[in-house]
Amino acid sequence: MDHAEENEIPAETQRYYVERPIFSHPVLQERLHVKDKVTESIGDKLKQAFTCTPKKIRNIIYMFLPITKWLPAYKFKEYVLGDLVSGISTGVLQLPQGLAFAMLAAVPPVFGLYSSFYPVIMYCFFGTSRHISIGPFAVISLMIGGVAVRLVPDDIVIPGGVNATNGTEARDALRVKVAMSVTLLSGIIQFCLGVCRFGFVAIYLTEPLVRGFTTAAAVHVFTSMLKYLFGVKTKRYSGIFSVVYSTVAVLQNVKNLNVCSLGVGLMVFGLLLGGKEFNERFKEKLPAPIPLEFFAVVMGTGISAGFNLHESYSVDVVGTLPLGLLPPANPDTSLFHLVYVDAIAIAIVGFSVTISMAKTLANKHGYQVDGNQELIALGICNSIGSLFQTFSISCSLSRSLVQEGTGGKTQLAGCLASLMILLVILATGFLFESLPQAVLSAIVIVNLKGMFMQFSDLPFFWRTSKIELTIWLTTFVSSLFLGLDYGLITAVIIALLTVIYRTQSPSYKVLGQLPDTDVYIDIDAYEEVKEIPGIKIFQINAPIYYANSDLYSSALKRKTGVNPALIMGARRKAMRKYAKEVGNANVANATVVKVDAEVDGENATKPEEEDDEVKFPPIVIKTTFPEELQRFLPQGENVHTVILDFTQVNFVDSVGVKTLAGIVKEYGDVGIYVYLAGCSPQVVNDLTRNNFFENPALKELLFHSIHDAVLGSQVREAMAEQEATASLPQEDMEPNATPTTPEA
């Protein structure tokens with residue numbers, strides 16, 4: 001046996017011993033001395049806020065322009081190769097995705113390239129994540145497309161008598177204008193939220209909500225891409241039940257499908273599925289994932305151009321990709337009142353997706369991202385990008401994993417990827433004009449695999465949390481059938497309602513003691529745990545406030561089995577039986593327990609003033625129930641103390657304080673003490689502010705821990721028993737008993 005094993009102490013023999021006083025709240029406060037806090041005046045705070053120092057200026061620049069912090073510290077020899085490989089790998093994936101997601105956004109494909117260039121450059125300056133890939137994202141693109149199609153439907157009549165069927169260019173120009181307006185407004189919203197430090201809004205989009213939402217969005221994207229895969233001409237729908245209408249329209253026109261288009265799409269679909277499995281299986285051995293999407297684009301373009309699929313077989317292709325960058329244009333702000341709901345949804349969803357992926361990769365690589373600065377960065381990318389005719393962007397999950405997985409160290413990898421897109425925009429775009437839309441459709445559908453795999457969340461949430469399962473399902477169903485905008489609003493409302501439900505219907509437990517320890521556990525969970533005679537310990541795992549205060553009081557009486565009203569009723573019934581037996585009607589009308597103190601705040605008995613000293617009535621007056629009446633009472637446990645475990649209560653509002661005061665009074669009326677154990681300083685402050693301690697004696701009901709309250713209760717009962725014994729008259733003592741005197 002080695003030295004470590006010789007010195008190892010078995011867990012069952014490890015002990016700790018503590019000897020200290022029983023800490024009620026007043027006793028503990030006597031042992032503590034509050035630290036003096038230096039409070040700054042408003043003038044000092046303003047002076048400090050507006051004081052300009054070089055360090056403060058530098059920190060502001062670092063915060064608003066993170067590139068000024070990480071670029072000077074760039075380790076060229078260590079980072080450049082990884083950023084180079086990552087940038088190329090991300091760029092070859094960004095090209096087909098930019099073209100494909102433009103189709104989802106209902107704008108010409110070249111605008112997908114613009115959206116893959118401008119925002120990426122801007123994010124490099126303002127973003128705090130080193131690894132995410134900014135640009136078009138399927139869900140956001142689909143939401144943009146929904147707005148564009150709603151305001152500019154396929155069958156719109158353009159002013160001047162040009163029908164949309166024959167005026168595709170005019171219709172697309174209007175849709176671009178709508179997309180620019182939505183993008184500008186969503187960017188302004190994101191920027192303002194970031195400046196106001198509202199980065200915390202992402203916490204309201206819980207993981208089940210986001211995953212249910214993106215899964216529903218994947219179904220929307222899938223149905224939107226079917227028409228391109230089958231090569232059929234159908235109207236594009238948006239709004240409520242759009243996914244149903246789109247599916248029905250494709251199925252009704254399936255007899256007119258283009259076999260050549262379907263064949264090319266399925267070929268690319270199979271290639272991508274098999275290739276991605278290969279990449280996943282051999283990712284440890286491959287220096288970088290095989291750029292399958294880029295190969296699919298090259299192969300599809302080559303086959304289409306070689307066999308002249310567009311002219312010979314009527315296969316829809318990308319079409320003209322004009323070379324060069326468009327000059328800046330002002331978005332149409334007059335559309336804001338028509339798109340503000342969509343802009344809010346796009347702003348929040350885009351930020352939520354971005355910050356979740358950014359935090360995941362940041363935790364993996366050991367750095368931090370700033371949610372507020374991410375909002376500002378996205379706001380700048382969208383608002384300024386809209387001037388250059390881009391549509392709303394976000395973090396692409398698939399590209400981010402590629403950018404990080406291929407060795408990317410900084411956002412210079414993203415800049416390199418955007419430069420590859422710029423090369424296509426300026427010089428080589430015409431090479432992809434023959435690319436079949438079915439190929440882009442297959443690329444999009446294959447990249448939805450990860451989102452469809454989120455259906456596996458359902459059995460997990462079924463096992464772990466029915467509430468989170470409810471959030472997932474309601475988000476999915478509402479987003480699927482109501483549309484992504486109203487579905488998101490519905491999902492957020494449902495998620496907030498579950499928070500209220502959890503606090504309104506928390507778990508209530510009656511605790512017992514693990515024998516010979518100060519450990520108190522749920523008595524229903526373990527056989528070894530036993531209740532302490534005469535004491536009930538009641539626990540709640542939520543705050544006590546207006547929504548659950550009445551439920552708390554009811555649960556206390558139900559779970560502990562100690563109901564003051566029933567106790568009072570039983571005693572009065574015993575009095576009536578006794579009166580009937582002895583034939584004294586006056587006894588039946590006697591008061592069983594008289595308590596002069598009232599602590600509910602409304603009917604409180606006013607304290608008496610005597611010699612300028614305020615005297616409060618006692619909290620609990622213990623009265624002796626005549627022994628001759630005991631036989632008329634139902635047999636049961638004689639509870640003398642109820643301990644409320646507040647270790648998991650983080651606040652109490654005014655309604656909750658009144659409820660607690662009522663509980664103390666109600667139990668006090670039948671001679672039962674109510675102790676509060678484990679109150680946090682916040683809860684004590686809540687009780688103090690709401691005048692719970694108007695009677696100073698109530699502070700004696702607060703204890704530092706459950707064990708302190710238990711010991712305090714036992715000491716109190718022991719002292720009361722000694723006093724009762726000492727007060728017995730001499731004739732009640734045993735005949736031969738000799739009074740003892742304490743030793744000197």
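One is the number of the first residue shown, and numbering goes on along the chain from there.
Each residue, glycine too, has its Cβ placed from N, Cα and C.
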* Have a look at Asn163, Asn589 and find the one that Swiss-Prot tags as N-linked glycosylation site. => Asn163
* Do Gly324 and Asp669 end up on the same side of the membrane, going by Swiss-Prot? -> no
* Asked: If you check Swiss-Prot, which of Asn166, Asn736 turns up marked as N-linked glycosylation site?
  -> Asn166
* Asked: Any idea which of 292-307, 532-547 is down as transmembrane segment in Swiss-Prot?
  -> 292-307
* **List of residues, in chain order, with Cβ under 8 A from that of Arg399 (site 'Contributes to anion binding') and at least 6 apart** => Thr90, Leu93, Gln94, Gln97, Ser133, Gly135
* Structure fact -> For the transmembrane segment (371-388), the distant same-chain contacts (Cβ-Cβ under 8 Å, at least six residues beyond its ends) come to 63-64, 66, 114-115, 118-119, 122-123, 126-129, 134, 180-181, 183-184, 186-195, 197-200, 202, 325-326, 328-331, 347, 350-351, 354-355, 358, 394
* Count, for each of 76-105, 109-126, 397-406, 437-464, the Cβ pairs lying under 8 Å from the transmembrane segment (259-282), and report the range with the highest count. => 437-464
* Sort the residues of the topological domain 'Extracellular' (308-332) into helix, strand and coil with DSSP and give the three counts. => 5 helix, 1 strand, 19 coil
* For Arg399 (site 'Contributes to anion binding'), which DSSP three-state class applies? -> helix
* When you check the transmembrane segment (333-367) against the transmembrane segment (484-504), do you get at least 3 Cβ pairs under 8 Å, counting only pairs 6 or more apart in sequence? -> yes
* To do: Could you tell me how many residues in the topological domain 'Extracellular' (231-241) are helical, how many are strand and how many are coil under DSSP?
  => 0 helix, 0 strand, 11 coil
